[in-house]
Amino acid sequence: MNKKNAIGHLLALTTITIWSSTFILSKVVLEQLSPLQVLGIRYALALVFLSLLHPRFGKPKRWSEELFFLLSGVGLAAYFVCENSALQRTYSSNVSLIVATIPLMTGILSMAVYKTPFLNRKSLAGFAAAYGGVFLVILNGRRFAGIEPMGDFLALLAALLFAVYTLTMQRIQEGHHLIALTRKVFAYGFFFLLGMMLCTGESLDDVRFSGQLVASLLFLGIVASSLAFLMWNRAIQCIGSVKVNQYIYLVPVVTTVFAALFLKERITLYTVAGAGLILSGLYISEKAQGELAGR
């Protein structure tokens, strides 16, 4: 493994570790704020921090490229809206398990859009196993009061949106400063969220900001958004979107353990079986990609 690949894998692993904690933290914050309020603050903090890191603003190079920035920004913001809405309706472990199917969605979309080799018998088996696991996770949620299956379906939609974000980012990586690129994506996402807040009439007037809430929002806005997405986008530059997204399969393992420890969420046979199928499916799919790539 060369230095560039090693850096890419290290950045992806670090980012995934940070993001694993956000499922727990976001679920706590969402007890006091709505998804749009959380994301509006999170994006505003990220934009300020990124602008301080790189206080240079350039004109758009090509309007066709600007369209991809817009799609990336809106796709990422919509992903967060769906994910946070899912966290209000189902277990954080359920959301993390379903979101872990992002690599499969990325591979399928990459095959459809960029003609990337993806499908063979192994990858189809991996796909079937992973989404069989998703079915068990959703079925598990139906057994407990206060858990809405809609939360699981929102998590599935979030996974699709993140796959779209990753692939559109791959189209606009070259020729841009990494911080400026990330800031522009967040700027489009912020205006999308602002528009949603205006349409729904949500504001921050009635929010009581405690020290714990402020600290949580700072972590989500600066560490989990700004720094994590800088590392994620750099990892994509180093090793490509499909390989980077394979690291997402680690998220549910860490999140499920944290959820049981800190949120007292139930780990049932359905959860364990679903997690086993999802992770096995992702592993099989990754092996299939290695064969297709000749590794």
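Using the three backbone atoms N, Cα and C, a Cβ is placed for every residue, glycine included.
Annotated features in TrEMBL:
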type: TRANSMEM; residues: 7-30; note: transmembrane segment
type: DOMAIN; residues: 7-138; note: domain 'EamA'
type: TRANSMEM; residues: 36-55; note: transmembrane segment
type: TRANSMEM; residues: 67-87; note: transmembrane segment
type: TRANSMEM; residues: 93-112; note: transmembrane segment
type: TRANSMEM; residues: 124-141; note: transmembrane segment
type: DOMAIN; residues: 150-284; note: domain 'EamA'
type: TRANSMEM; residues: 153-173; note: transmembrane segment
type: TRANSMEM; residues: 185-204; note: transmembrane segment
type: TRANSMEM; residues: 210-232; note: transmembrane segment
type: TRANSMEM; residues: 244-261; note: transmembrane segment
type: TRANSMEM; residues: 267-285; note: transmembrane segment
Counts of helix, strand and coil residues, the domain 'EamA' (150-284), according to DSSP: 112 helix, 0 strand, 23 coil
Chain residues outside the transmembrane segment (7-30) and at least six past its termini with a C-beta under 8 angstroms from it: 1, 38, 83-84, 87-88, 92-93, 95-96, 213, 216-217, 219-220, 223-224, 227-229, 231-232, 234-235, 237-239, 243-244, 247-248, 250-251, 254-255, 258-259, 262-263
Secondary structure content of the domain 'EamA' (7-138), with strand meaning DSSP E or B: 108 helix, 0 strand, 24 coil
